[in-house]
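Per TrEMBL, the feature transmembrane segment maps to 116-138, 191-210, 222-240, 267-286, 307-330, 371-392, 419-439, 451-473, 485-509, 515-537.
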Amino acid sequence: MRSLVGRKHERHVNNNRLGLGQHTASSAFFCFSVSLLIINQNSSISPPASPVAQEEPFSTYFEEKVPVPEDVNQIFSFRKLWAFTGPGFLMSIAYLDPGNIESDLQSGAKAGFKLLWVLLGATIIGLLLQRLAARLGVVTGMHLAEVCNRQYPTVPRIILWLMVELAIIGSDMQEVIGCAIALNLLSVGRIPLWAGVLITIVDTFVFLFLDKYGLRKLEAFFGFLITIMAVSFGYEYVLVSPNQGEVLKGMFIPYCEGCGAVQLEQAVGIVGAVIMPHNIYLHSALVKSRQIDRGNKKEVKEANKYYFIESTIALFVSFLINVFVVAVFAEAFYMKTNMQVVECNATGSPHTDLFPPDNNTLEVDIYKGGVVLGCFFGPAALYIWAIGILAAGQSSTMTGTYSGQFVMEGFLNLRWSRFARVLLTRSIAITPTLLVAIFQDVQHLTGMNDFLNVLQSMQLPFALIPILTFTSLKSIMNDFANGLAWKISGGGVILMVCAINMYFVVVYVTTLNSVLLYVLAALLSIAYLSFVGYLVWQCLIALGVSCLDFGSRTRLGLSGHTDIYLLNDMETDSSVER
């Protein structure tokens, strides 16, 4: 009997685990995953602790639950909305991390205002996907990693965990890069990049102690960091004063006049930067922080409504901040050349070596972006830009830590202290970043973002496919399972997002110019696509395409619902807290 251990409650899982399939994506994945599983079983995953040990203090986001006021006769209550406010804003921080900011400024510099509609569409798609994540957490009382742990067989589950961990580490590396660059800009180069990388280790641990002061105070601090970003990038927007007509035209007219391969690649990059895989896992866990009687259908329905409203507001705020960045660089630096910046730097800037003296189109990143802002609009613009980047990096670092903790606890039944969790992921993220910062220059450091965006794009199916699978099953969601319209639209959206990101990956691979790397990429692609195909197969069965079961139900001696064939039934008493 496997057990899932909560803080104060212990909940037992059925011995009768029904397999989702017997074959893995590839033999390489199989061997690696089985060996990892054996190691984990022998050393890391220990049996349930004694009752005394379970009461030992353990730092998690759920040390307290926020009570929800009762307003029986009101259709809408601002008091209730305030009680549910928090998880959506923490989730929205992933839409404002340094990787997103860099994608925004490059979009403005390369395409002007023409791709704002892509940013709007990607944000709306993100909202719909976050809705599914929140509903799963509210209805089942478990987050996505925990549901995957219960429902997928061992080997696919371990592979899925590894893929999500890769996405979290990649995101963490982007946040380290962003913070290091921000510190370098704020100190006018006195803090070298390698020192900025090391400083991010210390400041993360300092900020993590904030949750000791209570959940609502922690959420308020995240709100404060979002406010810093809004004020910083809003200041740049007012300073540059972009053409408001062009902003609205670019936002609501889905057309890109005169665009070529560069703009198309940038549009794909926007989608990849906005929709992040680990954020689906994070949001499904954060919604568990409110006191909801999951045995009461009305309360669950109400919680879903308020969480959706809160997520809409949070993502609207994040969208505005992203628009600020795109519009600033579209107005000030679209079609600018390196020579124009060199002439500006002749006034005494210490960054004259960043831009070659030619008439090629200006290429910017989060480092060069701050430099050119300071060059054209004064030192205040540079420092305020750096403050915004620092706030983006710090907030994303902390939410990334929560994502990693939830994913590890859910997939492996392994509960680490937050200190140990941060030490592991931050060490993995800092090692390659530190080496590049020491032995290379800032161009190579910011150039790592391209690779990291590709890495995270590849992990998207491992969050989007499971969330659609589980929210479509009545055996898990009961009356809150996706209807036919949501199944079709959700499947279409996920297919489109995955296709866009695969194109992004292909474009990146074709720039490697190495036969050996092409062969390696081809071999990895076979294994990758095989596992994605496995997840899609299970998802299609969950969506009702029962003809794809290939007679597995008969072999297992089951009959009746595809839901029951595909997944273990959740316990009927879903209101038991974990």
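Here the Cβ of each residue, glycine as well, is placed from N, Cα and C on the backbone.
Whatever TrEMBL says is automated annotation, not expert-curated.
Ranked by Cβ pairs under 8 Å to the transmembrane segment (485-509), the stretches 116-138, 267-286, 371-392, 451-473, 515-537 are led by 451-473. Two recorded stretches are said to be in contact when at least 3 C-beta pairs lie under 8 angstroms, sequence spacing 6 or more; the transmembrane segment (307-330) and the transmembrane segment (451-473) fall short of this definition.
In this chain, the transmembrane segment (371-392) lies in contact with the transmembrane segment (222-240); the count of Cβ pairs under 8 Å, excluding pairs fewer than 6 apart in sequence, is at least 3. The stretch in closest packing with the transmembrane segment (515-537), judged by the count of Cβ pairs under 8 Å and taken from 267-286, 371-392, 451-473, is 451-473.
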